[in-house]
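Positions annotated as active site, proton acceptor by TrEMBL: Asp36. What TrEMBL records for Asp176 is active site, proton donor. Annotation comment: TrEMBL describes Ser9, His67, Gly143, Phe144, Gly145, Gly146, Asp176, Gly177, Gly178, Gly198, Ser199 as substrate binding site. Residues annotated as divalent metal cation binding site in TrEMBL: His34, Asp36, His67, Asp176.
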Amino acid sequence: MSHTIIAPSILAADFANLQRDIEMVNNSEADWFHLDVMDGVFVPNISFGMPVIKSIAAHAKKPLDVHLMIIDPDRYIKAFADLGANVLSVHFEACTHLHRTLQGIKAEGMQAGVAINPHTNVSLLEDIINDIDLVCMMSVNPGFGGQSFIENTYKKVKQLRKIIEANGAKTKIEIDGGVTNKNAKQLVDAGADVLVAGSYVFGASNPTQTIKDLKKNSTIVL
Ligand SMILES: O=C(CO)[C@@H](O)[C@H](O)COP(=O)(O)O
Ligand SMILES: [Fe+2]
């Protein structure tokens, strides 16, 4: 049996009841916390930054998967390591020297992730795939929660899975945006290892059960 990692996106949580929502994730079948950091420059939205992540880290009992949607992310690698990030993803489109940035993330003891926008071809990762711990494949345009899933993602997951296998890499594929129980199984069948879900989880009447269902439906019986 192969279990898919489920990472609820805190962007869709109720910030006035953040501790309650963190405890819900702690006590659920979810595996990671997905934290979206937006700078209002790389994406047309601003989310939350260091003080909020510090508070989340104080209560979270599962790994922190931080998705940086910011320009020049090298400036903050150490700060996110100090906050307790376990996986740190930078955007391919925001890095001039991606290889150096990934080495910098690993040097701080974190897993190095690369996020790619819907228009970015997965073949651009081929020469660096062995240095990437996780590819955060955007299945919506980054910047907002609650958007519709882009169907072309299935094709990209299959292409990326081939590149990973051809290079003997251990890279995980994470899907971010518009994930629901309607597309979860198909994404995992295409080769996804991690599913991020924000509005689908926190907008549900029973988020704990929704996570449980996502986990169950994305389990592959080998
Ligand atoms: O990075 C992002 C958006 O930029 C995501 O992590 C969203 O937070 C996912 O939210 P849903 O699409 O699941 O509502
Ligand atoms: Fe994200």
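Each residue, glycine too, has its Cβ placed from N, Cα and C.
Keep in mind it's a predicted model, so treat the numbers as computed, not measured.
Surrounding the centroid of the Cβ atoms of Ser9, His67, Gly143, Phe144, Gly145, Gly146, Asp176, Gly177, Gly178, Gly198, Ser199, where the record places substrate, the chain contributes additional residues within 8 Å, namely Leu11, Ala12, Asp36, Val140, Gln147, Val196. If you measure from the Cα atom of His34 (divalent metal cation binding site) to that of Ser199 (substrate binding site), you get 12 Å. A straight line from the CA of Gly143 (substrate binding site) to the CA of Asp36 (active site, proton acceptor) spans 9 Å.
For Ser199 (substrate binding site), the Cβ neighbour count at a 10 Å cut-off comes to 18, with all displayed protein chains included. Apart from His34, Asp36, His67, Asp176, the divalent metal cation site neighbourhood in this chain, defined by C-beta within 8 angstroms of the site C-beta centre, holds Ala7, Ser9, Leu11, Leu35, Asp65, Val66, Ser89, Ala115, Cys136, Val196, Gly198. Across the structure, Gly178 (substrate binding site) and His67 (divalent metal cation binding site) place their CA atoms 16 angstrom apart.
Selection of the recorded positions His67, Gly143, Gly145, Asp176 by a Cβ distance under 6 Å from ligand 2 yields, in sequence order, His67, Asp176. Long-range Cβ contacts of Asp176 (active site, proton donor) within its own chain (separation 6+, distance under 8 Å): Ser9, His34, His67, Ala115, Cys136, Met137, Met138, Ser139, Val140, Pro142, Val196.
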